[in-house]
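As annotated by TrEMBL, active site applies to Asp517. Per TrEMBL, the feature N-acyl-D-mannosamine binding site maps to Arg477, Thr489, Asp517, Glu566, Glu588. The Zn(2+) binding site annotation in TrEMBL covers His569, Cys579, Cys581, Cys586. The feature domain 'UDP-N-acetylglucosamine 2-epimerase' is assigned by TrEMBL to 36-374.
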Amino acid sequence: GEKNQYLKLRVCVATCNRADYSKLAPIMFGLKAHPDEFELEVVVLGSHLIDDYGNTFRMIEQDDFDIGSKLHTIVRGEDEAAMVESVGLALVKLPDVLQRLRPDILVVHGDRFDALALATAAALMNIRILHLEGGEVSGTIDDSIRHAISKLAHYHACCTHMAEQHLIAMCEDHSRILLAGCPSYDKLLSSHHREDYMDIIKSWLGDNVGEHDYIVALQHPVTTDIQQSIKIYGLMLDALISFNKRTLILFPNIDAGSKEMVRVMRKKGIEQHTNFRAVKHIPFEQFIQLVCHAGCMIGNSSCGVREAGAFGTPVINLGTRQTGRETGENVLHVRDADTHNKIYHALELQFGKRYPCSKIYGDGSAVPRILKFLRTIDLSEPLQKTFCFPPVKDSISQDIDHILETQSALAVDLGGTNLRVAIVCMRGNIVKKYTQSNPKTFEDRMQLLLKMCADATRDAVCLNCRILGVGVSTGGRVNPQEGVVLHSTKLIQEWSSVDLRTPISDALHLPVWVDNDGNCAALAERKFGHGKGVENFATVITGTGIGGGIIHQNELVHGSTFCAAELGHIMVSLDGPECSCGSSGCIEAYASGMALQREAKRLHDEDLLKVEGMDMKHSEPITAAHLINAARLGNSKADAVLNKASTALGVGIINILHIVNPSLVILSGVLASYYQVPVQRIISERALISAQSIKVVTSDLEEPALLGAASMVLDYATRRIY
């Protein structure tokens, strides 16, 4: 309302243990950085204050936050009853504190029993609650607690797309859900490339250990099945002992069952074992470096299924604790570990591998989004929650615009002359485009490409676009499964076996798809152009060169060595003019822009190009356009050249019709509009009767290469296949 624009928003952040603090800290720093808008109060309770867990409230003091209240709320005993009593103790102590602080909003995180106490107290005291990380599913009792907190909370900042959909399905009000991404990723992605990471690794694991050559193990009890957790814990330790790699093992958290797990660890002599380092607590920034450079992470910590994916670190998730979570392809689940052999085998499979970085849980801009969301909270709105129960018949249709607007791709076009990057949204609108001329050497080109992509991802946040991945369209032959340019056209020298995926994925923490420009043009037509809804069609690009792509049963045809649909090199003559590919008689040697320009120059040199009514500056370079113009004005020599070109192209396209029998041919590129009529005519004269009726149309797309590159991301990022 009116009054609160002059008042600061009083935000109380409550933290219970080291895990939730790592998610809350970035938000606390963000609030503290805007003292004119927000007043931050910090309440610490739960296992932060217990020395067995390393007295982790000291981390908070070291980060320079004033702790307004410390509440001892843990009843010792580490069994189910103790957890329940702890909730009760917190409920007894919290009302005084909340009454004294009178916050406008209380921020709680996650699914721990302490968080349930916080949310219960605040809801009953009419304090607005912002819940972080609601809507997720991990496959344990935590799910029930997490969903219960979501029901008590007034606002939600969730991490993944699926979590947002779950909250909507749970009847939470769409307008009060923010898809923010995980706040810990803001820190992850910014501190990811630390120079001193080897020092950190050595300080925790000893001097003689290398990058990707050690294991991080972190296993917590599953409170609904304590016996099973203890058994799996023992098997994990056996497997690690026999796997014989340096291992950093963290003590389990405070849940029921942790005492017994520590007993198992002591019985197996882990703390004395030369290969193991057993620790209670590691500061988050250092822990992240350790996970990022590990050969493998094992256990059932949520860090493995969430944060580790951002670095492509291989993970083995044991038991049922995280089975419901969305994960990248770096996670291997061992759901029922009945023998240590099975775990040992998983270690053999995963140890030392690397996976593409996955951004399911965030893109590094969660905190600015959350602060922006907090600024929009209107304290004069009624505090009473309204639930959005689904209408009994209608479907929930309120969020498609939001999806269409924001989900976007970074499209890259590696042309011969220009390097272009664009942000393209689901609808195929080019939101913003960046163009630079392409440097000559590989190093410079890569560096410029990464810089342009980084600029675009920064701008995307302000443009309300969420980048799902990067698509690259390039000349030459590409292995799209590996993201490697095998060898490129004449245009781009010194590109052979160039891995484009890894450097881009490492720099941007995004999945990357690569394909050649012909295939990208076909993909663009499939998603945004004449190919929409057409199962079988071919796209032929008639530009400087000739290329294209074939869509068969809705998918691209790549071929066994990735040179399917090299349409420019369909041969239509046993001799014919020489082609840039080294052969002769290819349709590219007859009908491409380069071929027409070559013929135009030849006629010009023999003084046969100029005709009445055609004005030519003496200085200007001769191009295909002059040839077309001369033919239009009645020059029979030019006309004969173009006839031959159209015939070659038409015959080439008939070959395509007779091999894959598409229902549509789309001509794209600068010469498309010129060739469309003659090609259609040649098909009707020369093709088999069953293929004569196939339509030839001209593409309407402005930017086929960029749109095709984007479509790989927009189609596949949601399908999770590379």
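Each residue, glycine too, has its Cβ placed from N, Cα and C.
Everything TrEMBL records as a feature, shown here on the structure.
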| residue | record | contacts (Cβ under 8 Å, 6+ apart) |
| --- | --- | --- |
| Arg477 | N-acyl-D-mannosamine binding site | Val485, Leu486, His487, Ser488, Asn516, Thr561, Phe562, Cys563 |
| Asp517 | active site | Asp413, Ser473, Thr474, Gly475, Ile541, Gly547, Ala705, Gly708 |
| Glu566 | N-acyl-D-mannosamine binding site | Gly518, Gly547 |
| His569 | Zn(2+) binding site | Cys579, Cys581, Ser583, Cys586, Ile587, Glu588 |
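Cβ contacts within 10 Å of Cys581 (Zn(2+) binding site), excluding its own Cβ and spanning all protein chains shown: 15.
The most crowded of the binding-site residues listed here (Cys579, Cys586) is Cys586, judged by how many other CB atoms sit within 10 Å of its own CB.
The Zn(2+) site is defined by His569, Cys579, Cys581, Cys586, and by the 8 Å test on Cβ atoms against their centroid, the other residues of the chain that qualify are Gly568, Met571, Ser580, Gly582, Ser583, Ser584, Gly585, Ile587, Glu588, Ala589.
Glu588 (N-acyl-D-mannosamine binding site) has a Cβ environment of 27 other Cβ atoms inside 10 Å. Mean pLDDT of the predicted structure over the domain 'UDP-N-acetylglucosamine 2-epimerase' (36-374): 90.
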